[in-house]
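K.L.:
So Swiss-Prot says this about it:
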type     : residues  : note
COMPBIAS : 99-111    : compositional bias 'Pro residues'
DOMAIN   : 626-663   : domain 'EGF-like 3'
DOMAIN   : 873-910   : domain 'EGF-like 4'
DOMAIN   : 998-1037  : domain 'EGF-like 7'
DOMAIN   : 1038-1078 : domain 'EGF-like 8'
DOMAIN   : 1079-1119 : domain 'EGF-like 9'
DOMAIN   : 1161-1201 : domain 'EGF-like 11'
DOMAIN   : 1286-1328 : domain 'EGF-like 14'
DOMAIN   : 1347-1401 : domain 'TB 3'
DOMAIN   : 1424-1466 : domain 'EGF-like 15'
DOMAIN   : 1467-1503 : domain 'EGF-like 16'
DOMAIN   : 1621-1657 : domain 'EGF-like 17'
DOMAIN   : 1662-1706 : domain 'EGF-like 18'
MOD_RES  : 974       : (3R)-3-hydroxyasparagine
MOD_RES  : 1137      : (3R)-3-hydroxyasparagine
MOD_RES  : 1414      : phosphoserine
MOD_RES  : 1597      : phosphoserine
MOD_RES  : 1616      : phosphoserine
REGION   : 64-158    : region 'Disordered'
REGION   : 228-259   : region 'Disordered'
REGION   : 750-811   : region 'Disordered'
SIGNAL   : 1-23      : signal peptide
C-alpha cells in the first residue's frame, strides 16, 4: 500500500533531502504535476494535467549521516539553479521535468519557522520566475492545460495525406485515437470524458487512475467516512484542512479551495514535534501534531476534509492476506489529552513485540491421491533487543525482521533502515530505475538465501499495521504506522502473525504512562468498512510460479462463470482477456476450448512471489490494479453495474433480485410449483425411475434433497450448480424455500463481495476474503470484546483474537466461543444473519452510534463477590433468553441489563432493546434524499439522478456520463441529479434533442466532383467509380454499353447498372462474362442423335441414323423401326421389338435360331445329359419322356430317383444301421455284430470262441456286440481292447527307483543298482553298500531331503493335494501323508503294516525322529508328531485340530462331519435320513436343514414331521401352491426382519427374487453362491447349451469347464413360463436334473445339458456319452472315456500324458522331446 503513493510523492520527497548545514530553515516552492512519471526528466503521460503549487516549509536538523546519504550536487553560490524546463508544443506547454534545488552555501543561522506548509495555489494559473532572496529560492512555473486531443488542433476531416501504421481507419485515425505530436502515426489514445484527478489514458476510453481515485474517468475520490472529525472545540459540521497550525484558520474560512477540481494532492512530509513552539497555535487547535511513522501519508482532501489512507494500488507481496481490504479507509481523529508516547521517524522506536505461530504443512500422496496435512506449532512471542539496533528477532529456525521502509520494485528490507534492491533499481527505497545495469555479485548471492544460512529457507513478507497496547489492554491501530515483517523460515513451514505491537516509546518509557509536561495527540483507528484487527494465516510460502496457460496476454476469449467437472457453462456474451476473466467473475476461460482458471495467479518478483488478490490484476512486478468488472459484457444481467475497489455492485431492476451466487439478477420471487408427485431416488442408465419414496413430495423438496427424478413422467432433477438447479434450489442442496421468505421488491446490489445496501438489523459479521491456500487444522477461536472510552458516554468496540489457551485477564470482558467457519464479530460492519436459503452478506457504514455501557457492567461491579449468606436473584437471562429482544442479556446482582445490537438502544421503561430512529436522531442523514426508518436500521430513498452511497448513509449523484454513448459522439457534462451534452466532435452537429448527429458531407455535390462520395460517422471519403460507371457531382452514373457497335453479335444487348448483358439467339450461348455469344456444340450434350451420328453446324446440328433406325420428325433423334409389324416372323414363338432390331421369344421346348428370326425344336435327350438319369429318354415335339428301371421312380422333374428302402421301420434291427444304395439297400452292423443270412438283420459275434483273443495274461468276457479282456496284475488291456499287454512301470512311474536303474519285466519291474556291491533300498529309494546297515550313516552324508507331502492320491487333481511343502519323508509317511515328492513326482508311502512301513516308522504311525535326520545313531530317539502344527489348516479344513499322542483329532462344527481321506469337514446332508423330514420337503443348508410342509400341513413339535392340524377341514388339491411371508433381511443372529409388504410368495420366489428367509418359521434361504441356490433358482451351471461334436469335446480334467457366455436372468414377471420347485411342481420328484415348467397342458421337464427326458417316467436321466457317442466319434484320443453324472471325462492310457488340446493325450516320449526342445530354445 505504501509503495503506491510513494511513487507519486517522489518529487516532493526529493526536495526534503538534507544538506550539511545545521539548523537551517529553507522554504522551497515546487510546481507539482500529478502523473505516473517518477524519474527526473520523464515525460508526463497523456491526459488533462492539472497543476498544483505547494509551499513546504521545513525545519530540518542536518547531520553528517543524513547529508552523506543522498545530497544532490552543489551549485556555485549565487548562481540560480534551473528548476523547470519548458518545451513548446501545439496548444500550450507542459512541464517535462523537475529537478531538486542544490543545497545553498553555508549561511548564518536564521530564526526557525515552526511547522510545515502544504497548500494548493488557489490561482490556478501561476506564472513566476525563479528568484533568490536571503537564501530562500522560490520557483514558480505556469503549466497551461492541454487540449483533450493531446494539445494539437482539431484534426482535418478529409486528409489528403494517408496515415501509416496501426489504428488507421479509412485514411484517418480510428475513433478514439489521434496523432502523436510530431509524427504521422495514430498512437495517442483519447478518453471521453477525459481522465480526471491526474489519471492516465491508457487506451481509448480506459483511464488508469491515480492512487486514491477511481471510476471510469477517475472522477471519484476514494470513499471517506461521513462522520465529521473532532478538532478540539470545532463543531461536527465544521470543515478543516491539512496544513500547518498557522494556516488552519485560513483553510477553514477559505472557499477558493472548494472551487478547484477535486484532485487529491499527494505529498510526503515529516512533521517534527517541538517541545516549545515559538509561534502560538490558533485557538481551534489545542494540541500539536504527533510525528508519523516512517511510512508516508497519502492525504486526500475530500468533502469532509478527513484524512484517509485510501490506496488504489497496493503492494502485491507474497504472503499478504487476512482482512485488510483495499476498500477500507483509516479515518484519523485529533483527540486531546490521550496517553500515548510520541513516535518519530528514527531508529529510536523502542521495543516491538511480534507474536506468531509456526505451522508445518506436508503433502502425502497415496495411489495417485494427494492430501495436505498441517501441524501447528506453539505460539511464540519475540521482543526486539533495543530501539537502536535493527529490529531483527530470532527464534529457533526463524529469522524475523521488522522494517518501516516501504522497499519498492521488488526490494527486500534486510534491516530497519536498509533496502536490498534488485539489479535494475537503486535508491534508499529502490525507487530509481537503473538502465543497462548488470547483476551485481551481492544480489546474485542474495538470490540464494539458503546458501547464506547454510540451509534452504523461504523468505516471506507480511505488511501489517503497528498497534499499541493501552491501559485497558485495547489494541489501538496507528494507520500511518505500517511495518513490513520479513520472515525467513524453512520451506515446509508457514507463519501466522497474531500481533505486531509497540511495548515502549523511543526513550524506553512504557506506553501506558504519560510523560509530564507534554501535550500529545494520538491517532486512533475508527471502525470503518471491512477493517478489523489482523489475524491472518500466511501459508503456502514456497515460491511456485503460477502462470496462465495462454502465452499471449492480449489474446481474447470467452469467460465462463460456471465450471462443473470438465464442462464450462454460463459464458459472458462478449470476449475478454484471461487476466480480467479469471481475476474477477470467471472460473474458466478460452476461445475454442475452455481452461480452468488457476486458483491464485502469481508472477515472479525478486526473491519473492507477487500475488494479486481477487478483483485485481498485475500492473508491474510490484503493483496490482483494480479490474473494472463492469467492462465485461453481461456481468450484471437484468441490472446495472457499478465498479468498486476489488469488486463491483449490481443494481437489480424492479422485479429482480440477486441469485444465491450474487452473480446475476433473477426474477423475484422465484415461482416454485407446489404440485406433489412421486420422488425417485435412482435413475438407471436406461432412463428408468427406480426406488420411489413412500410419500409424494414437491419437485423442490425432492430435487433439493435425495431425489434424482420427480413426477409421473420421470423428470430428471437438474444437476447441482446449473441455472435450473439454482432456480428451484436457491439455498443449495439440503435447503428449501419456505413460504415466509420473500425478497423485498427494492433495488438489490449484486457483487463478488458483501456490498449490498440493506438494513442493519442483526449483529456485525466479519467476512474473510482470503482463506489459506493449504488446508490447516481448524481450531476454535475466542472472540474477546473490549470497550474503550472515547468521550463522555461513547465507547468504541475493538475485536482482538487470541489462542484459546491464552486468555486476557480482564473482568469486564465478554467471551464468546466461535467455532471455525462461523462469522466473527468485527466493528463497523453491519450485516444480517446468514440464512441457508439466502446467504447474502449485507454491508453498510452508518454514522458512529454511541454504544451505551450500563454502569453495572463496569469492572468494579463485575468484581463484586456474593457472600455465602446472601440470597442470589433469579437469572432472568436464563429464564427468558429473548427478554432483551434485539440484544444480549447480561444478568446482574439486581435485575439485568441489555447490550443491544447496532441500531437499537436499551429502554429503561420497557427493559429491552428498542429501535433507534436514525432519521430523527442523526443529522445530515440521507442528504439529497429522504430517510425512512426501519427496524434496527434505516433506508435512504433517493430521487431520480441519485443513488445510495456504498455506506448507504447518503444519496450521491449518479454520473450519467459514465454510461456509454449517452451523448453519442459529443461530450457529456455531469450535473447534480442530471447531465447535459456539450459540443460535438468534428463531423458531427448538435440536434435539438441535445445529441450529436453525423453530418452528411455527401449532400454537397462539390465535395467529390469526379468521384463517388461515401459518408462515414464523422467524416467522408471520395471513392473512384468502378468500371461501367463515370463520376459526376459525387455520384457514379451508369454507362450504356449497348450503344457501342459490334456488341453482342448473334444476340441482343441489355444494358445493366454498371455493365451490360447479352441475350443470345438459338444455337448460341453467353460467355462467362455475359458480354459475347458463341456457338453451342449440341453434339457435346450427349442426348442428341442417340443410335446415330451427330455433326455440329454453325448455330445448329445434323443427325445421320444407322440400320434399324429412322430420323424423327424433329430431326434431332434416331427412332427405332418396329419389325414385329410383319406377322410371318417368329413361328412357335412371339416377336419382341428391340432397339434397332427384333427378338423371337420361343415357346417351351423351342429356341431361337442363329439369326434369331425363327424358332427351332430342342432335342433334350441329346443336349441335356442330366435328364432321365438312371432311365431312358425319348424326344418329342417341344418336349421329352423318361422310362425308369427297377428300384427307381420318376419324380416331378422327370428324373429317375432312387427308392429309399431304409425308410421302412425295423429294417436291419436295433444292432444295425440301414444304408441305402442305388436301387437297393445294405445293413451296416455295429462292431461285434454281423449281417444275417437274409441280409435284413444283425447278429452278435461271440469273440470268446477264439481262446487266443486274450492270450495267457487274462481271460475273455463276451458282451453284447463286443468282448473285454480281464487282465492279470501287471498287465492292462490296450487301446483296442484285445489281449493284455505288460505295464511298463519304469515309464509310467517316473523316478520309481530313485537313483537306481529301473528294469521292466513281464508283469512287474526291478530296481537294479549300477554297482554290484550295492543293493537297492525301497525305503529310501537309494543304492547302499551291502556291508553297511540301514542305520549306518556316513559322517559326510548330507541331511535328509525335504519335499512336499501329498494326500488322497486317488483324486484326479492329486497334484493339488499338498499337506505341507517342506517335510521329510518320515514326517510325511509316518503321519497322515500317502505320498512324498516334488512337482507332482510322487513316491508312494509304504502301506501301514508292511515291512517297508515298519522299517521307515519303527515306532508306528504318529511318531517321527526327534533329531534332524531319520538315521541318527541308535535310531531310538522318536517323538510324537504334532500334525496340527506340522500341516496347519490343511489337515483339518473347516474344523478345529487337536493334537493327541499319537495322532490328532479334528473337531467339526455341528451339522458337519470329518472326511479322513480329503482331510476336511463337510456339510452333513440330513436330508439323506428319511426321518429328518417325514411327509415334507427337506432342504439341506450349510450345517443344518429345513423341513417344509405343503399347505395346509404344518410341522409338529419335533419339527421333523408334517402333520395335518386337527381343526383344519379344508379340501387340499395337489396343484395348490403354499405361499407365506418373505423376509428381506436376516441378521447375523438369524433374526428375520423387514417383511415384504403387500405380497406373499412361495419359498422359491422369495429366495430367488426378494429375500433371505421365508415363512413364519423363518426358513433360511440358501446362500447366493451355493449349489443349492443354483439348483433352487434353476441357474444353469455351464452357462450355455452346446451341441455334440468334435468342437464340443471337454477337457480330460474334471476341473475343466468351457468358458460360459454371459447370461441374464430376467425377473420372474417377465418370463413366458414360471419355473417351479419340487414342492410347487405337479411332477413327482420335481424334475430332478432339470427345471419344472408350467405349460398349458400341465407340467413338463426341461432337462439340463448332459441329461435327456424319459417320457415314460417323466424324469431327466443321464446321457452316457461314452456309449452313445463314442461309436460315432472318438471322444477321447489315446484316453479312456469315463461317464459321469451329466458329463464325461477322459483318463489317459498308460504311456500317455495330457496335452494342451482338450481330450487328447500325447505319448510320453513325444512330450519329453517337446520339453527338451523348448528348453534348448
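Note that Cβ sites are derived from N, Cα and C of the backbone, with glycine treated the same way.
The model shown is predicted, which means the values in this text are computed figures rather than measured ones.
Looking at the shown structure, what environment does each listed feature sit in?
P.N.:
Across the domain 'EGF-like 3' (626-663), the model assigns an average pLDDT of 80.
Only residues 6 or more beyond the boundaries of the domain 'EGF-like 8' (1038-1078), in the same chain, are considered here, and those with a CB under 8 A from a CB of the stretch are 1026-1030, 1098-1100.
Packing against the domain 'EGF-like 14' (1286-1328) from elsewhere in the chain are residues 1257, 1272-1276, 1334, 1369, 1381, 1385, 1387, 1390, 1396, 1399-1400, 1694-1695, 1708: each is 6 or more residues past its ends and has a CB under 8 Å from a CB in it.
Cβ environment of residue 974 ((3R)-3-hydroxyasparagine): 219, 957, 959, 960, 961 lie under 8 Å away, each six or more residues apart in the same chain.
Long-range neighbours of residue 1137 ((3R)-3-hydroxyasparagine) (same chain, six or more residues apart, CB within less than 8 Å of its CB): 1120, 1122, 1123, 1124, 1143.
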K.L.:
Excluding the flanking five residues on each side, which residues at least 6 beyond the ends of the domain 'EGF-like 11' (1161-1201) place their CB within less than 8 Å of a CB in that stretch?
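P.N.:
Apart from its flanks, the domain 'EGF-like 11' (1161-1201) reaches 1132, 1147-1151, 1222-1224.
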K.L.:
For residue 974 ((3R)-3-hydroxyasparagine), what is the secondary structure state per DSSP, taken as helix, strand or coil?
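P.N.:
SS state of residue 974 ((3R)-3-hydroxyasparagine) = strand.
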